[in-house]
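Undergrad: Per TrEMBL, the features are:
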- 13-155: domain 'Oxo-4-hydroxy-4-carboxy-5-ureidoimidazoline decarboxylase' (DOMAIN)
- 207-325: domain 'Transthyretin/hydroxyisourate hydrolase' (DOMAIN)
- His210, Arg260, Tyr323: substrate binding site (BINDING)
Amino acid sequence: MAMEIGEDDWLVCCGSTDFAKLMMKASPFNSLVTAIDTARDIWLNQVNVTAWLQAFSAHPQIGKSPSPSINSDFARLSESEQSTAFSTTSASALQELTEWNVLYKQKFGFIFIICASGRTHAEMLDALKGRYANRPIVELEIAAKEQMKITELRMTKLFSDKAKVVSETDLSSSSIATKPQDRLRIIGGHLNVAAEAKPPKRSRPPITTHVLDVSRGAPAVGVEVHLEVWTGSTTKPSFGYGDGGVWSSVGTSATDKDGRSGPLMDLVEALNPGTYRISFNTAKYLPGGFFPYVSIAFEVKESQKLEHFHVPLLVSPFSFTTYRGS
């Protein structure tokens with residue numbers, strides 16, 4: 001049964017108006033599983049950095065009460081999620097957290113975002129200190145992933161609350177739901193939709209990439225990207241391989257205004273195990289830079305064929321960094 005969820009509900013879950021509008025466009029959802037899968041794709045692949053920053057700014061700073069200008073329902077949930085950590089925290093501990101929050105915002109330009117549910121004050125302070133050492137571009141993506149965790153928790157509560165309302169309506173309007181077992185059957189039918197739903201199909205190709213220009217602090221636009229797969233006579237290439245094989249092209253694209261490439265391969269459910277190589281034409285994007293191109297090889301095992309592989313690249317005229325995304 002599809003839930004009736006409005007744009008304001010999605011805004012309370014995330015804090016980004018772009019996210020809320022796109023969730024409304026994708027609605028209705030027959031299960032929590034499908035809704036969360038769609039939300040992840042929208043948040044990590046469709047909205048831009050401005051939407052991320054809007055969601056961050058909707059939170060009160062960790063350990064502080066929200067300002068009157070912040071969405072009251074959103075802020076109320078934030079306070080509730082932090083309540084366990086700060087119920088017995090000393091004034092001196094709160095002062096230390098406040099001081100580190102100031103340092104963090106001065107460096108990154110946005111408040112420290114962490115999924116606070118179930119965490120102690122000490123755990124959050126340790127995480128803040130550890131993440132303070134990150135590069136701004138890296139920290140931005142970490143904060144976005146923490147925001148997604150918060151959104152998922154709020155969506156779970158939202159679906160549970162909606163299911164409860166629908167169930168109570170059914171109980172009051174149904175003349176046959178008078179026995180305890182009938183009530184349990186009706187309520188269970190709503191709350192277990194997600195558990196019974198089939199795993200959602202992919203909403204994006206299994207291999208994607210994202211290029212950010214560290215020197216400018218912005219997405220790298222127009223970078224040519226080429227994805228290949230090893231089809232040699234050997235199972236996989238090794239360092240310094242000779243004539244034992246060849247790299248075969250899978251797809252070519254270029255990064256858009258958000259630094260994300262277009263589709264590099266078909267939307268397949270299961271990725272063929274093997275060794276893949278993704279290459280970036282950095283010479284064209286950064287003429288005169290040290291690296292004429294950057295190639296990254298990675299192996300997909302049989303046990304990983306249903307996973308998603310996101311390969312972000314951080315570039316500057318004389319360096320590059322890559323890491324495995326979600």
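Positions of Cβ are set from backbone N, Cα and C atoms, glycine also.
Just so you know, TrEMBL annotations never went through curation; they're auto-generated.
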Undergrad: Would you mind checking how many other C-beta atoms are within 10 angstroms of the C-beta on Arg260 (substrate binding site)?
TA: 20
Undergrad: For the domain 'Transthyretin/hydroxyisourate hydrolase' (207-325), provide the mean pLDDT of the predicted model.
TA: 83
Undergrad: Per DSSP, how many helix, strand and coil residues does the domain 'Transthyretin/hydroxyisourate hydrolase' (207-325) have?
TA: 7 helix, 53 strand, 59 coil
